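Structure record follows, encoded as structure tokens.
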Amino acid sequence: MSIAGSDKGAGTRPAAVFLDRDGTLIEDRGHLREPSQVVFFPRAVQALAALQRRFRLFIVTNQSGVAGGMVAMTEVRRVNRHVVDTLHASGVTLAEVYVCPHHRDDGCACIKPNSYFPQKAAREHGIDLSRSYSVGDHPCDVELGTRFGGQGLYVLTGHGRKHRSELPDGTVIVEDLQSAADWILSHRPADDGRE
Ligand SMILES: [Mg+2]
Ligand SMILES: [Zn+2]
């Protein structure tokens, strides 16, 4: 009797979507200090529910307000825990929430668009970055996908409209996270790179 799936080997590593938090998944209301300030975008949870059928989901967030003293790391963690728990209650699982707490002038390794956290996900979760995506409302979120060898998408929620003119030519621009999910799910891996 053959066992389905027993021939799994190379090429079966999971792909991932690396999501920005503020302005992409939830409303950007400045430096969030408590769970009551979290407001999910209307179609965000559905979008993640659709994506997780084919991708592992991660949040990668720059929280320079920690370095600037506007918000404490414990507050960032509490807000992130609320985001994780709320999604989990809706059937959506986040693999990790990665936070860079530094200021851009600190010259740290982990601030986006550096691919530090996606590389960590590749090592610790076996993610195939070449088939993975980043999504966010800032040019650095798109650049992140380019840096890790995948594809970045830009959303027009949050600060998206404000920074739109700073994007490189050819950037994939979509209305919101649901539209990003639709775009990603309509592009099979074999079609990647043809945009
Ligand atoms: Mg953002
Ligand atoms: Zn950092």
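Cβ from N, Cα, C; glycine included.
Between the candidates Asp105, Asp106, Asp128, Asp137, TrEMBL assigns the Mg(2+) site shared with Asp20, Asp22 to Asp137. Within 10 Å of the Cβ of Asp20 (active site, nucleophile) there are 27 other Cβ atoms, across all protein chains. With Cys108 (Zn(2+) binding site) as the anchor, the candidate recorded positions are Asp20, Asp22, Asp137, and the one with the nearest CA is Asp20. For His102 (Zn(2+) binding site), the number of other Cβ atoms no farther than 10 Å from its own Cβ, over all displayed protein chains, is 18. Taken in sequence order, the recorded positions Asp20, Asp22, Cys100, His102, Cys110, Asp137 that lie near ligand 1, meaning a CB under 6 Å from one of its atoms, are Asp20, Asp22, Asp137.
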